[in-house]
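Peer 1: Have a look at this one before I ask anything.
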Amino acid sequence: MSGSYDDSVGVEVSSDSFWEVGNYKRTVKRIDDGHRLCNDLMNCIHERARIEKVYAQQLTEWAKRWKQLVEKGPQYGTVERAWCAFMSEAEKVSELHLEVKGSLMNEDFEKIKNWQKEAFHKQMMGGFKETKEAEDGFRKAQKPWAKKLKEVEAAKKAYHAACKEEKLAISRETNSKADPALNPEQLKKLQDKVERSKQDVLKTKEKYEKSLKELDNATPQYMENMEQVFEQCQQFEEKRLRFFREVLLEVQKHLDLSNVASYKNIYRELEQNIKSADAVEDLRWFRANQGPGMSMNWPQFEEWSADLNRTLSRREKKKASDGVTLTGINQTGDQVSQPNKHSSSLSVQSNTVQSVQSSYNPFEDEEDTGSTVSEKEDNKIKNVSSYEKNQSYPTDWSDEESNNPFSSTDANGDTNPFDEDTSPAMEVRVRALYDYEGQEQDELSFKAGDELTKMENEDEQGWCKGRLDNGQVGLYPANYVEPIQ
């Protein structure tokens, strides 16, 4: 090395190299990061599984709701079946997504959890055993070299300080020669100081070079020991990386429904159901079951018979059933149908009978629908459309004005024969005992303490018809209110 001194030499150049003392900590930290990444991947899969579950539930709710709307709506025939095929598709896809959710949680999530438990071993004092082993290995491999490096730094510092002192002594001696006021004794001292500083430079330089040579000799062994510990860390990290790749591939297989045979069959079946819709067939069915193709028992002359005294005529039946609704009376008189909450009927105003209906569903499994006498008409009708497919029309004809829906009064536009019975009823003010949130479009929602008007008494199912103060009319559970005294 040169004996001359340069100020820039004293500035230490920072290095981010792995070989610098302490820089092995990034490799050690990677082990802790591996444990945290396992947690992150499990959280990621858990969130995706939750999304799959919510999506499956939404599909099921959508399918259930719209299946009811379509079945109770005016659509019929093969187009109805094609429409309902979408709801069947949603239900099947919902099942597949629930299977995806189960695979993600029961297989992938658990696999990562078990691997993490086997790969990382916690210590009682905190941290992981693998981290401590790597830390100790690097520290042991670096300790001898770091000690020699410290000696080199000290020798370098001493050498640089001697060089600086030599330069300062020479400068003072040179300046003193030009000063006539300086006596020879002082000049002699300056010259001696220059000589001593030159000797210090030689000594520190020799020591600096010697320590640096020792460091160079120890470097190969240092690198070998560090490489050995680093390779152990690399092998541990390689296991994690390969495991993550394996798990991600399994997650991909679980999420990729395009390779599931049943998934392809769902849409193949959906396409077939849609293509099977036949407009001509539906029109033919409607003509035969709802149009001119329907059979008719035309009036004929009937002889008097003593057996007729044992039965009621159609008109006598209506007069004898005060407050009773006849629903689903077929022209043959021997068919039975069950009333439901959403049945729709044509009401004919009368003091004794509310309506006489004919109901026939061509898509029921049984050919005959029959007739039923209902204790009370259920007014809870869901507004799917302007009318429902089960809407029926009166089959009996009467010459009485009160029972004729097509009387002159209706023709003049004063009343609508297709409106529900609007006869006045006793209205009572009631108060809500509990909160209630309407579950259907025709149900009311109110809070405990709210007041409303009861328009009709409780039916067999425990529902009442009422009106809120804002004018909204709908149904509510009868046991949720009490009369206002």
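Keep in mind that glycine also has a Cβ here, set from the backbone N, Cα and C atoms.
The coiled coil feature in TrEMBL is assigned to 187-218. Annotation source TrEMBL lists compositional bias 'Polar residues' at 327-342, 382-395, 403-415. Summarising the annotation, TrEMBL assigns compositional bias 'Low complexity' to 343-359. The domain 'F-BAR' annotation in TrEMBL covers 11-282. Look at TrEMBL and you will find 425-485 tagged as domain 'SH3'. Residues annotated as region 'Disordered' in TrEMBL: 313-424.
Please situate the listed features within the shown structure.
Peer 2: For the coiled coil (187-218), same-chain residues at least 6 beyond its ends with a Cβ under 8 Å from one of its own Cβ atoms are 1, 3, 144-145, 148-149, 151-152, 154-156, 158-159, 161-163, 165-166, 168-170, 172-173, 176-177.
Residues belonging to the domain 'F-BAR' (11-282) score a mean pLDDT of 91 in the model.
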Peer 1: Determine how many residues of the domain 'SH3' (425-485) DSSP places in helix, in strand and in coil.
Peer 2: 3 helix, 27 strand, 31 coil
